[in-house]
Amino acid sequence: MRQLLPGDTVWRNIRLATMDPQRQAPYGLVDSQALIVREGHICDIVPETQLPVSGDNIHDMQGRLVTPGLIDCHTHLVFAGNRAAEWEQRLNGASYQHISAQGGGINATVSATRACAEETLYLLARERMMRLASEGVTLLEIKSGYGLELATEEKLLRVAAKLAAENAIDISPTLLAAHATPAEYRDDPDGYITLVCETMIPQLWQKGLFDAVDLFCESVGFNVAQSERVLQTAKALGIPVKGHVEQLSLLGGAQLVSRYQGLSADHIEYLDEAGVAAMRDGGTVGVLLPGAFYFLRETQRPPVELLRRYQVPVAVASDFNPGTSPFCSLHLAMNMACVQFGLTPEEAWSGVTRHAARALGRQATHGQIRAGYRADFVVWDAEQPVEIVYEPGRNPLYQRVYRGQIS
């Protein structure tokens, strides 16, 4: 009989989808197991026959499914306003250029976010965060990028820090100052990149407000030379990098980010084989964002088969934002990744657990159920992991455990 220490907590009588690749079964499944949690971490996984049937801090899950906590590794959670009106305009035939000329597009969100009080932004973002938590998310990336000026970018990152301080969910904050050229720099995008590189990145990094630097390398964003300036600045300061790349065209952004050992290359609909090879060589995760693909009614799909062939880890994320992916649901993103991009359900699960953890640099502590990892996991009223992917409108979450505590 396994001896428990005072303070240990046990979840017994569970069907465990560990997502541990060292286990041979699909999803790393093992039956009739018990989890021992100690000081917020997984202490051990043992057959339930080795434990007492009942006792203090022993939870009988009656055969329910347990998975790692979900990880949403790409969101734009902090913003004000919405873009429903311009979405309706687009569906009625208005072009993106026409909408932008009227002050719409990303600059509409920038204007609303700049004008919004920090406390209001916090309350808006908190509600969104709790929606994701209700689906079993325990680690969440939050990007800035709707300020495009020092003061507002800092405001957005302070909101992310305030959310993290609640200890309801882990937050990985990302500086995305190189998201778009603000209206005041419309005729001088290089000047704006200078502001990002010489002021925003060093000052906000010194304040400890973010974990990584992101950028938008695209025909409607920043070119390769401008993007490389951002990457060089970040790397000189020892900051991890990532990038929105190859979403609408092939510019070579994935190769660029991979040369700087980027954590991830995100979107990647137009990714080519050279880019896939570069990602493999750079250890860069490919992050699929099917919500934006769906909402923009795109037709160019990411090269999933090439990513498999080159064994590039593939993550899946919600990309929750007001303009191109207003879907605050990781379950829906998993379903879309399977239906639209051809992932298997097991690949989708890997994409919101261990591969998503790698995309945030947290692969040594998050995304799997194994000894030594954080005790972040979800108990589901389900028999198989595929059920969560198959029916995204139904949430079978029974219990969410964060840092070893039921939340």
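Just so you know, the numbers here start at 1 and follow the chain as drawn.
Glycine residues also receive a Cβ, built from the backbone N, Cα and C atoms like all the rest.
Non-local contacts of H244 (Fe(3+) binding site) by the CB criterion (under 8 A, 6+ apart in sequence, same chain) comprise D214, L215, F216, C217, E218, G221, G253, D266, H267. The secondary structure of H244 (Fe(3+) binding site), as reduced to three states from DSSP, is extended strand. Marked as Fe(3+) binding site by Swiss-Prot on the basis of sequence analysis: H74, H76, H244, D319.
Under DSSP, H74 (Fe(3+) binding site) is assigned to coil, being neither helix nor strand in the three-state scheme. Summarising the annotation, Swiss-Prot assigns Zn(2+) binding site to H74, H76, H244, D319.
R83 (4-imidazolone-5-propanoate binding site): 22 other CB atoms within 10 A of its CB, across all protein chains. Annotation source Swiss-Prot lists 4-imidazolone-5-propanoate binding site at R83, Y146, H179, Q247, T324, citing sequence analysis.
Here Swiss-Prot flags Y146, N321, G323 as N-formimidoyl-L-glutamate binding site. Taking the Cβ of G323 (N-formimidoyl-L-glutamate binding site) as centre and 10 Å as the limit, one finds 20 other Cβ atoms among all the protein chains shown. Look at G323 (N-formimidoyl-L-glutamate binding site): DSSP puts it in coil.
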Query raised in the report: Neighbourhood of the Zn(2+) site (H74, H76, H244, D319): other residues with Cβ within 8 Å of the Cβ centroid, in order?
Result: T75, K143, D266, H267, L289, A292, A317, F320, N321, S325
Query raised in the report: When neighbour density is defined as the number of other C-beta atoms within 10 angstroms of a residue's C-beta, which of the binding-site residues Q247, T324 has the lowest density?
Result: T324
Report summary line: Residues lining the N-formimidoyl-L-glutamate site besides Y146, N321, G323 (CB within 8 A of their CB center) are H76, F79, R83, I106, T109, G145, P322, T324
Query raised in the report: Within 10 Å of the Cβ of Y146 (4-imidazolone-5-propanoate binding site), how many other Cβ atoms can be counted across all chains shown?
Result: 31
Query - Nonlocal residues around H74 (Fe(3+) binding site), in sequence order (Cβ under 8 Å, 6 or more apart) - result: E141, K143, S264, D266, V287, L289, A315, A317, S318, D319, A359
